[in-house]
Amino acid sequence: MNFLLKVKSVLENKFVNGSLWTFISFGIVGVAGLILQTLVTNTYGIANLGVYSQIVSFYALFSCISVSGIESSTLKHTSEYSKDKTALAIIYSSSQLLIIVWSTLVLLALSFTIYFLPNVFSSNEVRHGLLYVLPGIFLFALNKNSNSFLSGLRNMKLYSLIKMLRWGSLMILTGILCIGRVDFIITLKCYTAVELMLFIIFVFINKEYIRFVNTSNKWYKIHFKYGAVSMVSVILSAVQSNIMILISGYYLTLNETGLFSLLMMFSNVFLLVITTIQVNFNPVFAKDWADGSIELINEKLSKIFRVTKYSAPLMFILAMITFYVYDLFFINTEVNSIYYFAILSIGTVAVYLIGWTAPMLTMAGYIIGTMHRSILLSIIQLVFPVILLPLFGFEGAIFSYLFVQIISVFIGVVFIKYYLKINLLKNFFYAKLG
């Protein structure tokens, strides 16, 4: 009975409860991502997976450019004004209106590039496919900001349900089209259809916070300033997440690009647990930092590091076993996929253990520091693949990913120590396994 009461007490903790919901949502996202790639591979071939992965990478990149860092301002200020409904309405509405204006300009520029500068893209298939996801990019930007608003309110249950709905719907719609064996490029319309559905849902969820008049110029300026300063960091962060796939499209065959994207996707599923904790930790950290509670922050970091130390070996072994089984049944290539997956996973382990702390810099308001860090990382992410891919081909892509992951963790630790005066390594190594 005491054990059950203890479990109940733990689950009633807001952070634990939010983390549990977020983990479930990220689990569904990870599984849905793998199922999507498997559906495309088995229905249309791994070469078309290479095209699909590049289009989705461009989709993710331009979605981040369209939201332009404003969602970080929404998250930060929503968590700070969480009890003031009037302020929350102005914060949310002004951020959405700014995103509408900016994302429209971004999509006009992208459309011009697609029609008049076709040689910018690695293939005509990629260029043509982008036309089908343009409306989805616009809607995704608005929906991402709406979800940041929910995160700032610490409504992690609803935040998680939205993520599950997005990827679950995308998986189901794509699966139906794959079963019907429609033209491969038509499957990309699913992204716009799902984002339109979510946009309508967000209108109902946040209707009490929507204002088309009486918004404050003060908050336009705050969002614009915060977004403008953080936009470079946000764009560079999006580049960092997608640049490896995009560059591989120019140097590797479509088959190799497809396999590389599949390995990266599977490797990133390994980060589900720590990404869950990170998403829930961000608003908590922002509030503690604003209150000047450094000692409390260090205490919470140590607790999380204990979790990563315990679970990292288990997660690595589980990931290797799962991929081995997946490789046997679904990956139809002569490449030693498990060997390359193991190499990728070494870099992922480094991020899992300590690299997840990188957003602390943004949440603390050090936007310039975040920008400097992002610029440095982007240079590194460009240099390694541009040098290694022409020399070593597919293996160059694998080792580029490994080196970049490890270096990014080191840079994150150094920047947080310099700007926040928080010694992550000390917290990590002195976090007792007990």
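Positions of Cβ are set from backbone N, Cα and C atoms, glycine also.
What TrEMBL says about a protein is an automatic prediction, not a curated fact.
Annotation source TrEMBL lists transmembrane segment at 20-39 (among others).
Annotation source TrEMBL lists transmembrane segment at 51-70 (among others).
If you look up TrEMBL, you'll see 90-114 (among others) marked as transmembrane segment. Long-range Cβ contacts of the transmembrane segment (90-114) within its own chain (Cβ-Cβ under 8 Å, at least 6 residues beyond either end) map to 62, 65-68, 70-71, 73-74, 77-78, 81, 120-121, 127, 130-131, 134, 137-138, 141-142, 145-146, 149, 206, 209-212, 215-216, 219-220, 223-224, 227.
Within the chain, the transmembrane segment (126-143) has long-range Cβ neighbours (under 8 A, six or more residues past its boundaries) at 51-52, 54-55, 58-59, 62-63, 66-67, 96, 99-100, 103-104, 106-107, 110-111, 114, 118, 162, 166, 185-186, 188-189, 191-192, 194-196, 198-199, 202, 249. Residues annotated as transmembrane segment in TrEMBL: 126-143 (among others).
Within its own chain, the transmembrane segment (164-182) has Cβ neighbours under 8 Å at 24-25, 28-29, 32-33, 35-36, 39-40, 42-44, 143, 190-191, 193-195, 197-198, 201, counting only residues six or more beyond its boundaries. The annotation transmembrane segment is assigned in TrEMBL to 164-182 (among others).
Below 8 angstroms of C-beta separation, residues 52, 55, 59, 129, 132-136, 139-140, 142-143, 146, 150, 158, 162, 165-166, 169-170, 173-174, 177 of the same chain, each at least six residues beyond the ends of the transmembrane segment (188-205), sit close to that stretch. The feature transmembrane segment is assigned by TrEMBL to 188-205 (among others).
Summarising the annotation, TrEMBL assigns transmembrane segment to 226-252 (among others).
Taken from TrEMBL, the feature transmembrane segment applies to 258-277 (among others).
TrEMBL lists 310-326 (among others) with the feature transmembrane segment. Cβ atoms under 8 Å from those of the transmembrane segment (310-326) belong to residues 34, 266-267, 269-270, 273, 337-338, 341-342, 345, 349, 352-353, 433 of the same chain, restricted to positions at least 6 beyond its ends.
If you look up TrEMBL, you'll see 338-362 (among others) marked as transmembrane segment.
Tertiary neighbourhood of the transmembrane segment (374-392): same-chain residues 232-233, 236-237, 239-240, 243-244, 247-248, 251-252, 399-400, 403-404, 407-408, 411, selected by CB-CB distance under 8 Å and a gap of 6+ residues from either end. Feature annotation from TrEMBL assigns transmembrane segment to 374-392 (among others).
Per TrEMBL, transmembrane segment is recorded for 398-420 (among others).
Outside the transmembrane segment (258-277), and at least 6 residues removed from its termini, the chain residues within Cβ reach (under 8 Å) are 19, 22-23, 26-27, 29-31, 33-34, 37, 41, 46-50, 52-53, 244-245, 248, 252, 304, 307-308, 311, 315-316, 319, 323, 326, 331, 333, 335, 337, 340-341, 344-345, 347-349, 351-352, 356, 394, 397-398, 401.
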